[in-house]
Each structure stands twice: as structure tokens, then as C-alpha cells.
Amino acid sequence: MSADSSLLMGSTPPSYGTLTTGTSIDPLSSSASSVRLSGYCGSPWRAIGYHAAVWMLAGIPWLLFRWKPLWGVRLRLKPCSLAHAETLVIEIKDKEGSSRQLFTVQVQTEAVVQGSLELPPQAQAEDGRSQAAVGVTPEGTWQDTSELHRQEEAKQVLRYYVLQGQRYVWMETQQAFCQVSLLDHGRTCDDVHCSSSGLSLQDQATRKTIYGPNVISIPVKSYLQLLADEALNPYYGFQAFSIALWLADHYYWYALCIFLISAISICLALYKTRKQSLTLRDMVKLSVRVQVCRPGGEEEWVDSSELVPGDCLVLPQEGGVMPCDAALVAGECVVNESSLTGESTPVLKTALPEGPKPYCPETHRRHTLFCGTLILQARAYVGPRVLAVVTRTGFCTAKGGLVSSILHPRPISFKFYKHSMKFVAALSVLALLGTVYSIIILYRNRVPVREIVIRALDLVTVVVPPALPAAMTVCTLYAQSRLRTQGIFCIHPLRINLGGKLRLVCFDKTGTLTEDGLDVMGVVPLKGQVLLPLVPEPCHLPLGPLLRALATCHALSQLHDTPVGDPMDLKMVESTGWVLEEGPAAGSAPGSQVLVVMRPPPGGPRQQEEPPVPVSVLCRFPFSSALQRMDVVVTWPGATQPEAYVKGSPELVASLCSPETVPSDFSQVLQSYTAAGYRVVALAGKPLPIAPSLAAAQQLTRDTVERELSLLGLLVMRNLLKPQTAPVIQTLRKTGIRTVMVTGDNLQTAVTVARACGMVGAQEHLAVIHATHPEQGQPAALEFLPTESSAVMNGAKATGYPTVPEPQSCHLALSGSTFAVLRKHFPKLLPKVLVQATVFARMAPEQKTELVCELQRLQYCVGMCGDGANDCGALKAADVGISLSQAEASVVSPFTSSMASIECVPTVIREGRCSLDTSFSVFKYMALYSLTQFISVLILYTINTNLGDLQFLAIDLVITTTVAVLMSRTGPALTLVRARPPGALLSVPVLGSLLLQVALVAGIQLGGYFLVIAQPWFVPLNRTVPAPDNLPNYENTVVFSLSGFQYLILAAAVSKGAPFRQPLYTNVPFLVALALLGSVLVGLILVPGLLQGPLGLRNIVDSSFKLLLLGLVAFNFVGAFMLESVLDQCLPACLRWLRPKRASKKQFKRLQQELAEHPWPTLPVGSVR
């Protein structure tokens, strides 16, 4: 019977077999595009065979299956359908299929408490079906989930498995497993509001069985468990095999030292692992008492671990830490989300609007309280309580996503790591050949069979360097430490090397390229059909709709008598002089409730048609990046009806206004300000035919408020470039790294900023792409519009920086709507656009993520730098995401910089290049060290001797370990260059270097051997006595002395500095180690002294021969450095001359070459259909 393997695609949410690893914060960040499940169940005969094999082979199969669980599963169990599976094998592949992960999990069963999953009567469908599971979604999607609960209740058993903290339940109707977070997929905002009456105890118990407890559990293993895991690691397994072999070969001191070092290493690893687990557990541990609603108006205090999706929380006014993800359904909250997004500014959360739209935590993040965030203040307006409905719990929450990303980082597909595994495999083959050679030689020398076996196996421990993984890890640890000292924190050290391969970096604009704060330049009022000149001080405006809109159209709140909120809103309100207060305004009806009150300044202008009075905000629709606008509904004492004000992007607000209220020169005036780099916000308003009360205003929908508005004017704000921006951009461009701006701001403003900072040079062409959707029988069309090359920023000519024109016909700029049209209607043109586009404006957060993914499909190594607010998805999807934040770690990116500028980007790239180049050097050195010792042992095996016990100890621990650790300390080069470190280990330069250096090493050792046996005073060793009993002898002394120098020479030769690292002389500890060890080796040759006896060296009395040995060392030193120098300087040119230039394997390079030969678009251009 064949295994039932279900291929589940991650791009189809309705499919319940989908394994989606995204969280509510970042649903698009999953690297998995396909997941395959294979089911297995028990087989008595297979189990008997398995246990028999384990017992007969002394547990070796058990150890092997521990390292390769899939082999054990296939041997013990038989394939079966997923419906009957007891064990699952899960295969996860990324989008490009370059990385593959295998997991083995057990299917668990749990009894379901008999109970109803139906919502209160007002939430039930007409036929009485429950909507609690997923809400009402199109077609019959919710029916499958409802059927799940009915089936499971009938059988009173639930089948599920847990992978990386996420729970997946069996869907009988779909015959697949479904992630529990998808059970609520399709729930509408109306469904969420219907849950505000709470769950019954039976419903809560049943849901807890399905969803699991609301805890983010960090497994903390005991020291005994950790010891078993560490000791049974393949690395330590190889060490144990080697130690046993050395003991059998009478290498007691060496075996004892390696054992002690391994034991200390294990103990340190156990302590560090357990300490990290305990620290992380203490950080994420959250257990608080919360108040929940029950049907019938009852309230109950429960532990936060008991919460399930559908519970309704009563939030205290003093706030606290959120124990789950929840949708706010009544009241408002001021929240600090810095622990997740890195955004230090408190955020105002308002009640989720009712309606048939599907609820999505990302889309409705302004109405969602995320787990782990701190509620600073909660206020109720309609009703006595602030209510929030639980939407996600445990690892499905935002905090759970952060913890999961730390515990289970996304696998990295890196050519260097793949090649290193292949190289180790090649060394293993070489060890096998050496083993065969040694067996033949030792047999000819009539060595006993026991000795032949031990010596042959000993070669394996020589050729395959067991310390290689540790040496490679040291490289990234040094880089991580250097980054930390510069205020850059990294939670995924393996991504440091990826920083060295960056080809393109995307930047957010506001707060990243430009200053975070905005200065109000003035207001452009609208009078009739004419936009008046700029009024520099809005506080001098006459009292009217425009001034009231400026004073009230914001999401500010008061915390401890201090206004908090978006910096732009704070500046706008500050420019009016109005003061924020909370509570009813003076003169309001008794008992009336309002959100906030804006009070006019006491000493305002006297020339007013009516005296200034406080204005109360009745309703707010917060700003949405997707909608690009926010709305408020206000009233004031004496007003007969409230007014609505809208603030947002000029183009969008104008489209919401009645055409007769938008002046004919609106576009020209707007362009005059945006072309100068100013940020422009439009304001509009209208009276509302409702009662001026909070209750009436809260019933309004956003569509009602935003219909048939009247334009009021424009708010012009100045957003200066940060002083570090232009130099950093020029540095990146000079080194061949593309820079791209991805912003939600106006296209013209973004283009101006791009020219001002040097992304687009003064002499470079730029064209704007404008796309139109297909309509009225006309197909979608693209239009390319050339722009002027003047770079004026905020009214002043930008500082000029020399730019290096990029190899492309022209720069392109486009908006988010155009990007959407390109993806949908012009997929073949999209790659051509992406390799030339420099400015992406009016991009929604999800479009930023899509852009990063599209660039990665062109095989760019993509970096993303942003402030972590609207860039969460893009920062996490990028190969190297850098969040500008004061927090040490955030959910949004592997790198977090406390620097408030993009200077961190070149720093990460320099450290990445240094780390990658160092990794190559360390790998080469460890390989050369193994091969050098391999050659020494083979030479000595040939004459029936070997290196001594303490000689191995001196080479492996004193010499090699010291230089391997210290050579990684060299810091990065101070400047970036156009060259990039190699990414492929199996390349001609690397392999050529290894082969030539090994040939030189072998030649020197053989030369020394033949020189010593040619001396008249030479006495050959007694070949009838096996090693190490035939020590000391001349042959061993010469080979050991020469090889000792070779380890130092090779370490220095492969530790070149430029262009990615600082010069060798800057690494003082490394130079001191080389000098000291070299001096000791020189002393061993010239004046052996006290070390001669313990090391088993024979005294050479011929002074001229000693100098001859040092001459060989000097020749080896010069030859090694000459080889590296010639290979670096001449080999690339020779390879280009010998072999014809081939097309690049990277798609973006092929496109650039094509565009260089056939420029596109050709300016001036028209439309493309």
C-alpha cells in the first residue's frame, strides 16, 4: 500500500491541509510554498524487526535513526492514508525549492467535551447552523468547519498534531489537516461583534480542546535530556569514535585532552542552552487574571491561559499587557507596540467597525490589540466597558510569531553552505582512498592486522576536521559582537553572511531616508473655486471648517496629561494652537460622552465672525495605509448638526469630493509643492444630517462619512532629508548596489526625494509609468512619461553628489496601483520594469512585501531598511531586513538598529562581506590543515612510523586551534568596494588555491624527508618496531618540524585583508600568536631544550642542516604567499581569456544585459497595450 502524500499549496487559504506559518503580524512572511504530508501507522512485524535489529547491532541503528528519523519511521511503520495515520512525515520546501525541511510528528488524540459551538441567538444563521467556528464565508467554506465540530463531537475525539508550536486539526470532510488559526478564516466584522456577549463554559471548554491553551510554551529540557541530545550529536559521536581509536593506538595524552575539551564544551553548551531557554521562557511567560463576559450579562475572572478565540475580554481602564490577539469592539485604547514592531510612538486603537467585510488582523491592525503589547490606557464611550473579542491565542498570536521566528528561524538557502557539505564529502572520499593506501603499505610492512585497522581508521580522524563547524561559527559570532557594539542587534546570526551578498536595498522614505518629524510649512485654503496662497501660520486662519479640520482630524490621545500619537498629527495640532483635552466640553449637555475635546487657544485672534468654542470629536475612523486617509465626526456647543472631516492623500481625497468643489488648478498647485519635495495632505469635510451625539455618530459607516465631500484646502509639510542619507546612497551606488525607494507617499514627492538623495542622478533620465485598468472594453494600458531632471528638495536645490550611472536605459518610477496592474495584466513586462524601477510610491504594506518577493524571484539578494511600522512584511520577507528601532529585537526583521539613520546599512554589508570572506578563509585553512596532517601521516606510515601523542596534541590544540580562532578576529574594511566576496566554495580560484597549496606542502615535506635521509649522519629507524615505540627518529622530527611551520604559514597566507577585511597587521592577537608559535618552532629546530623529550623529537646536531630546514620554511613561506597573490591577480583574467563569456545564471543580470543591448523604454514614449 503506497503512502498517501497530500501536496498542500500555501497560496490557497481555503484548503484546510495548508500549513501556513505566518502570524497575524506578518501573514505573508512564510517561506514555505508547498508542504507534503505522508502518513504512517503501526505494523507489528516491522516493529519486531526494528527492535531485533537494534538489539543485534548493539544500538547502532537506534543512534542512526536518531540522526535520520525518516529512516526509522519507514522501517518501523507502514505507509497509510492521512485519515488513519499515527505518525506524519512533513516535507516543507521554500518558494524556489532551494531548501527542504523534514519533520516527523506524532498524531495526537483528545476527547472533545460535549457542548455547543453556536453563538448567541442573534449570531445564528437562519437554519440554526453555528457560525462560531469560522464565521460566514462564501459558498460552503464555513460548513466544512462546522462539520468538523459536529463530526468531532459525535465521535468525541479530536485528531491533531503540533509543529513548531502551531496546532493542526484533522478535517474529516476535507481529508486533510488544518491549522487552527485558519478555522476562523472568513469571519466578518459583524461576526466579531456578535461574539461580544461571550462564550458559555461548554463552548469555551470545547474550543480549548480544539485550539489548545493560550500559552506560548518554551521547552526547557533538564540537564540530563540536554546531555543526551548533545552527547548523541553526530559531531560528538565522531569524537567518541576518535577517542576510542586513539586509546587503542596508545595515544593516551591526546585522547585525554580531547575528551576533557569535549566534556567542557558539552557542559558550556548545556549551560548556555538551558540559560537561553530559561531567559526566553521568562521573557514570554505571561499569566494574568482577566475578566471575560459570559452569556446573560455575567462576568467571570479566569486565568489568561484559559482564553480561546471567541472569548470577550473586559479591558481595565489602567491597561496592562495583552495576553492574546483580540479585536477591539467597544471603546478605545492607547497601545505601545514597540516590543513587536519597534514603533516607539503610542498607537491609538479604535473599535472595529461593523460590516460584512472579512476580518483580518493585518488589514484591521488599527482595531486589533496584539499579544505582548502594552495597553497604556483604555477608555469606554458607548457603554460602561472596553471590550475586545479574542481572535488568536498561543503561537498563532503576534507574540507567538516573534517567539517562533527566534526558535525556528527561516532556513537559509546559501550556496556556500551547500558547497561546504559537498567539500566535506569529498574529504571523506579522500580519507577512504588514504585508508586503502595505508592498508596496503602497512600490510607490506608486515604490521599486525589489529594495528592496520587502527591506523587505517585513524586516517579518517585526520582528514575530516571535526572542529570545522565550531571554527565556522566563530566567524559569525565575532561579526555579531562587532555589530552589537555599534548598536545593531541580530537575532539570526546566519543572515550576517547574506549581508555580504546584497545586490539591492529597498528603503522606506519617511523616518528612514527623511527625518521622522515633519514641520508644518503652512496651509493652502480654498475659497470658492480658487486655492489661495500659502498661509505660513495655520493658527491665524479664521474660525471655520478648515481650522476645525486641522485641529480635530487626528488620532491623538492624552496620556498622563500629555498628547501622544503620530508625529505628523502632533505637529499639525501644534500649528493651530489648539489644546487637546479629554472629557465633555464646557456647555455640553449633562451626561454627554465624547472621545476628545479640542479647545481653542485663549489668546486667539479677535477678528472672528463667531467666538471660538471647543470642538468635540464624536467618532474616528483611524488612518489606514491601504485607504490612505482618516475621518472624524465633530460637533461643538450650539451646532445643530455635526460635521465630518477627512484627511489623506490629495489624489484620493479629491476623488471623494464633489467635482464642483475641486478647483481646476488643483493638480498644478499640488505638483508645485510635491515637486519641491514637500509632503502635502488634503482636507475635506461636509455637514452630517444626524443628531450631534456620540451614539448617533457611532452608528455611521466610513462610506457614509466619505461620500460627497467638499474640499477645504491643503496642508503643506516639510520633511527634510537626514544628513546621512545622501552619502550612504552614493556609497551604495558606487559599489554597484542598487538602491530603491518604497514609500506610501505621493509619487512626485518620492521622485523629488530620490533625486535629492542621489538615487537618481542629476544627469540620469527618469520616466514615470502610469497604468490604467481595463474598462469599457479597452484593455489595460501603460504610459511612460519622462520627467524633468531638476532636483529641488523643500524649496532648495539639493546638494550635488557625484553619481555613477547604472547600466540601465533609464530609471522608472511607479505607484502602487500601477504595480498592481503590471502584476495582473503585464506579467511579462514586470521583470523589465523591476530591474529599472527606482521609485515605488503609494505602496500599501502588502505591496511592499510583494515587491520584495518579486525582486527575489529575479534572483536579487534583497535588503530592506525601514522603521518597522508599515514595513513589517517587507522587512521579514527580505533576505536582510533592518529595522530602525530602539528595541533590541522585534518581530519584523533579523536586524534591529538603534541608529536612527541608514548608516547601519553599509555597516551590515561590510560586516557581512567580512564574515563571508573570513568564512572562506577559515574553511580553506581547516581543509589545508587536515590535508597537511594527512600528508605527514601518509609519509610516516610509508616508513612504519607516525606522529607522537604529544605531537598530535601540539598540532591540533596549541597551533591549529589558536590560529583558527584568532584569524577570525580581523575586522571589516573601512570602505565598501564594487567587488563582492565569492559565494561558491567549489570554484576554480578556491579549488586551485587548495590544490596548489597542498602540492607545495607535500613538496616541502617530501623534500625535507629526502634531505634528511641523504645526510651522512642519518640513522634509519627500526621498521620492525611499530609506532609510537620507534620514536624518536630523524624522519618524524623533520616532518613534524616542517609541518608545524606550515600550519602557521597557511593561516597567514589565507588571511589576506583587502578588499573585504582590514589588513592583517590590525589583528594584533593573531600576529602575536603567530610570532610566539613561530619562535617556539624555531627554537625546537635550533635549540630543542626541554620540549625535545616530551614531544619525542630526535636531536639534530648538524647546524648547517638546521639552517637548511629553516631555508625550506622560508621557501614555503614565500611560495605560499606568491601562490595566493598570483591566483588573486592573474587567475580571473586567465579564466576570462581561456573561456568565452557565458550568460549569467541570475535572471536580473540577463535582463540588464538585454536592456543594455536593446534599451527599453525608448524615450519619449507613448502607451503600451
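Positions of Cβ are set from backbone N, Cα and C atoms, glycine also.
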Checklist line | Membrane topology agreement for THR945 and LYS1146 per Swiss-Prot | finding: no
Next item on the list: Quick one: among the recorded positions ASP508, ASP867, ASP871, which has the most Cβ atoms sitting within 10 Å of its own Cβ?
Entry: ASP871
Margin query: Is it true that the transmembrane segment (459-479) and the transmembrane segment (251-271) have 3 or more CB pairs under 8 Å, sequence gap of 6 or more?
Written below: no
Margin query: Given a Cβ distance threshold of under 8 angstroms, which distant residues of the chain, six or more beyond its ends, lie next to the transmembrane segment (1038-1058)?
Written below: 921, 924-925, 928-929, 932-933, 935-936, 939-940, 947-948, 951, 954-955, 959-960, 963-964, 967, 970, 973, 993, 997, 1001, 1004-1005, 1008-1009, 1011-1012, 1064, 1066-1067, 1070, 1074, 1077-1078, 1081, 1084-1085, 1095, 1097, 1109, 1112-1113, 1116-1117, 1120-1121, 1123-1124, 1128
Next item on the list: Give me the mean pLDDT over the topological domain 'Cytoplasmic' (1128-1169), rounded to a whole number.
Entry: 74
Check: What is the interatomic distance between the Cα atoms of ASP508 (active site, 4-aspartylphosphate intermediate) and ASP867 (Mg(2+) binding site), given in whole Å?
Finding: 8
Checklist line | Separation of alpha carbons, ASP867 (Mg(2+) binding site) and ASN1022 (N-linked glycosylation site) (Å) | finding: 74
Checklist line | Chain residues in Cβ proximity to the topological domain 'Lumenal' (1091-1106) (below 8 Å; excluding those fewer than six residues from its ends, i.e. six or more beyond) | finding: 948-951, 954, 1011-1012, 1015, 1017, 1028, 1031-1034, 1036-1037, 1040-1041, 1080, 1083-1085
Check: What are the helix, strand and coil residue counts for the topological domain 'Cytoplasmic' (1059-1069) according to DSSP?
Finding: 5 helix, 1 strand, 5 coil
Note to self: Is the transmembrane segment (947-967) in contact with the transmembrane segment (251-271), using at least 3 Cβ pairs under 8 Å (sequence separation of 6 or more) as the test?
What the structure shows: yes
Margin query: Considering only Cβ pairs within less than 8 angstroms, which of the stretches 226-246, 920-940, 947-967 has the most against the transmembrane segment (994-1014)?
Written below: 920-940
Next item on the list: Reduce the DSSP letter at ASP867 (Mg(2+) binding site) to three states and note it down.
Entry: coil
